[in-house]
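Trainee: The structure under discussion is supplied below as structure tokens; questions concerning it will follow.
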Amino acid sequence: MRSYSLIAPAKINLYLEIIGDRSDGYHELAMVLQSISLADQIDIQPIGIDTIIVRCDHAEVPNDHTNLAYRAAALLTKQFPEAMAQFGGVEINIKKNIPIAAGLAGGSTDAAAVLVGLDLMWQLGLTQSELEVLGAQIGSDVPFCIQGGTALATGRGEELSPLKNLDNLYVVLAKYRNLGISTIWAYQTYRQQFSQTYISQAQDLETRQHRVHSGPMVSAIMHADGSAIGKLLHNDLEKVALPEHPQVLELREAFESQGVLGTMMSGSGPTVFALTESEAEALRVLEAVKTQIANPELDFWTAKFVSTGIRLAQS
Ligand code: ATP
């Protein structure tokens, strides 16, 4: 049985609107998600014994059953015990390039890669939508990470409508190395401060749909209008994260001062990204903001928008 190497891209949120509470305890969301070329590499190899081993080259990523990649393998083992019995267990090696607890879905994309890789290795023959349904059991971002590209995500983020691929935009990302924002904290704090604006579960679908303001962003994407996309970036979670973390606001302002298409915190943060129309412009902005803030704790990356989710690495 052969080994598989997979590329697992990070995502950014071009749009994140919190619509209201759901009866399952999650929030009802309207998001526009975008895959970028910053990616982890996941190597999966058969080991012959009935166990799952996870290794990661990043000291802060757990190697035990709490790793989302492990959880993905465990879920498939539970669903398809005969596959584990026939083919044996696996060793999963994660080469981590995506910063952790960064709002870039790093753990979710690793889990997505394990679902796709094990489906191939164990010859399960699952369709993409079957993989996405399994992925949603691990985390709301996992289905998007499998599918990738540009998509409108509703429900708790797992109901996806693909949008026109945007492959002409570039992004600069920056994150303070020792600053992590817990996703749970961000949503709980938002609920405490803004739940009076929520649409309740009981209100009808039409009211809920009228509340969603993502239409102009979707239209800008359909026209591949980078300048409009930049102006329409939106993330409700900035309302709780920026007052709590002034250095994230400072970073956002530094990007803004460079005349980028637009800048925003991704997901629950604390990564801030800025959009540009070329790689050269992305590199210029990176150097300018690095000089402006001059903090050795601040890490930068540049990446390109990509139109694929999990894919096999070229060997
Ligand atoms: P999201 O954008 O989906 O909220 P995130 O990018 O903010 O995710 P992750 O990088 O997925 O956050 O990590 C969140 C926590 O999950 C980490 O602190 C880490 O302990 C744990 N974790 C479990 N598995 C992984 C993994 N494969 N990679 C990174 N972190 C993982």
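Cβ atoms here come from the backbone N, Cα and C positions, even for glycine.
Annotations in TrEMBL come from automatic prediction, not curation.
Summarising the annotation, TrEMBL assigns active site to LYS11, ASP141. Per TrEMBL, the feature ATP binding site maps to PRO99, ILE100, ALA101, ALA102, GLY103, LEU104, ALA105, GLY106, GLY107, SER108, THR109. Under the heading domain 'GHMP kinase N-terminal', TrEMBL lists 67-149. TrEMBL lists 217-292 with the feature domain 'GHMP kinase C-terminal'.
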Trainee: Check the Cα distances from LYS11 (active site) to each of the binding-site residues PRO99, ALA101, GLY107 and keep only the ones within 10 Å.
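Mentor: The binding-site residues close to LYS11 (active site) (Cα within 10 Å) - there are none.
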Trainee: According to DSSP, collapsed to three classes, what secondary structure does LYS11 (active site) have?
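Mentor: For LYS11 (active site) - judged by DSSP and reduced to three states - the answer is strand.
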Trainee: Give the mean pLDDT for the domain 'GHMP kinase N-terminal' (67-149) on the 0 to 100 scale.
Mentor: 96
Trainee: Would you mind reading off the Cα separation of ALA101 (ATP binding site) from ASP141 (active site), to the nearest angstrom?
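Mentor: Between the alpha carbons of ALA101 (ATP binding site) and ASP141 (active site) there are 14 Å.
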Trainee: Identify, among the binding-site residues PRO99, GLY103, GLY107, the residue whose Cβ has the fewest other Cβ atoms within 10 Å in this structure.
Mentor: PRO99
Trainee: Can you list which of these recorded positions (LYS11, PRO99, GLY107, THR109) have a Cβ closer than 6 Å to ligand 1?
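Mentor: Near ligand 1, sequence order: GLY107.
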Trainee: Within 8 Å of the centroid of the Cβ atoms of PRO99, ILE100, ALA101, ALA102, GLY103, LEU104, ALA105, GLY106, GLY107, SER108, THR109, which other residues of that chain place their own Cβ, given that this set defines the recorded ATP site?
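Mentor: Output for this site, in sequence order: ALA10, ILE98.
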